[in-house]
Amino acid sequence: ITEVIDNTLNPDFVRKFIMDYFFEERENLRFDFYDVDSKSPNLSKHDFLGQMFCTLGEIVGSQGSRLEKSIVLPCAYLFVFSCRGIPGKKCGTVIVTAEELGCCRDSVLMQFCANKLDKKDFFGKSDPFLVFHRSNEDGSFTICHKTEVVKNTLNPVWQAFKISVRALCNGDYDRTIKVEVYDWDRDGSHDFIGEFTTSYRELSRGQSQFNVYEVINPKKKGKKKKYVNSGTVSKYILCYWIFKVNLILALTGNPSQPTSLHYMNPYQLNAYGMALKAVGEIIQDYDSDKMFPALGFGARLPPDGRVSHEFALNGNPQNPYCHGIDGVMEAYYRSLKSVQLYGPTNFAPVINHVARYAASVKDGSQYFVLLIITDGVISDMAQTKESIVNASKLPMSIIIVGVGPAEFDAMEELDGDVVRISSRGKFAERDIVQFVPFRDYIDRSGNHVLSMARLAKDVLAEIPEQFLSYMRVRGIKPSPAPPPYTPPIHVLQTQI
């Protein structure tokens, strides 16, 4: 659902929708248009304006990936709704554009202010807001952000906002970004004050004279010889989140047999391997050095068979780090040959292990993610709840993936989505746990790639907000953006 734009027959929607595009599949789309009459979420309470059908391939295959198509009011709605318009006739047009997303995962935090904007209101000053547009490959522009309205001022300071670099310029630092300045009017006929253009490369220079932009109204400039500008807009702050992840892996389970979840099938990954690869391959992109301490718990260790709930999978307690997820997978499979997996399933020791590291880094430079994959029912619930409550004050999140047929009802209590977890009368400062049973994501057709994708999407969905909530509560600002990479210029000599 898009946002609602008040009092206009020509809306330009900001909200974007990310979809997977498959060339070999027909992906049908339907767009329904409504005139909103109240705050009710029930669509039947609003006026139905019409609909448009197309396919995703139709949009992508259009010139410039820009499809313009008529909105039509179906005949069936003549009997259901009391709508304006003639059934089967055109009710306006809709323009849908598509663009392949770049791989850039950066986000920026920006804030803008303006000075001496044109006065547009008769009885007051102006109620200015900014509209950001990114340029498309065909030279057109697509709206990507709107600021809030600052009432009755010619020198507004807008609130800081966070936006992905992909949404702003699709990862192309030199792509043109157009910014329009408007005076807000209640009837929706907002007055155009002026505009300017920039790029992400310019914005990333930091707060300086390079980031003060003249707001130009082309019509005024063409009519008035002495016209200078309609005010200026300055980039107030530009910051950028550096999200360094320390991934800790904890494993527990039963001895390896052909029926075991740890069974090493030469033809496919076992349940543990699928869960680890699904989550790890995504989250490793956010770790700077790709070195992950990988721990196991619930095993008898050689040579004396002592039970450990905190041992290095690579067999090196002084340096338990593995290079990349592939290194963790290799250490996991190697450990199965050297240790005897053994219960009970105690989570508190490994949570406390990570918490000790997190407690030493509270300046926002690092954020820790603990991934626990288990096929056993938790044995130390009281101690685990206390550990989670204590860890909720630290820069860390916990992902728990349950594999196998065990009953994981107790695990749901640790996931504080509905009821915030507590211990000894003390509640967790924030929700830091996400639990999912892997069996809920297994594709019935046996497509393991699809199963892994579904799992990763759900277990990682809460991490960004958990990360940001920790930073916000403590007032930790993101680090200044590093300068964009500029490739060296090579002089090519051609012999003719």
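Positions of Cβ are set from backbone N, Cα and C atoms, glycine also.
Any TrEMBL annotation is an automated prediction that lacks curation.
Residues annotated as domain 'C2' in TrEMBL: 1-69, 90-213. Feature annotation from TrEMBL assigns domain 'VWFA' to 246-442.
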Can you tell me how the residues of the domain 'C2' (1-69) break down into helix, strand and coil by DSSP?
12 helix, 21 strand, 36 coil
Could you tell me the mean pLDDT over the domain 'C2' (90-213), as a whole number?
85
DSSP says what for the domain 'C2' (90-213): how many helix, strand, coil residues?
12 helix, 55 strand, 57 coil
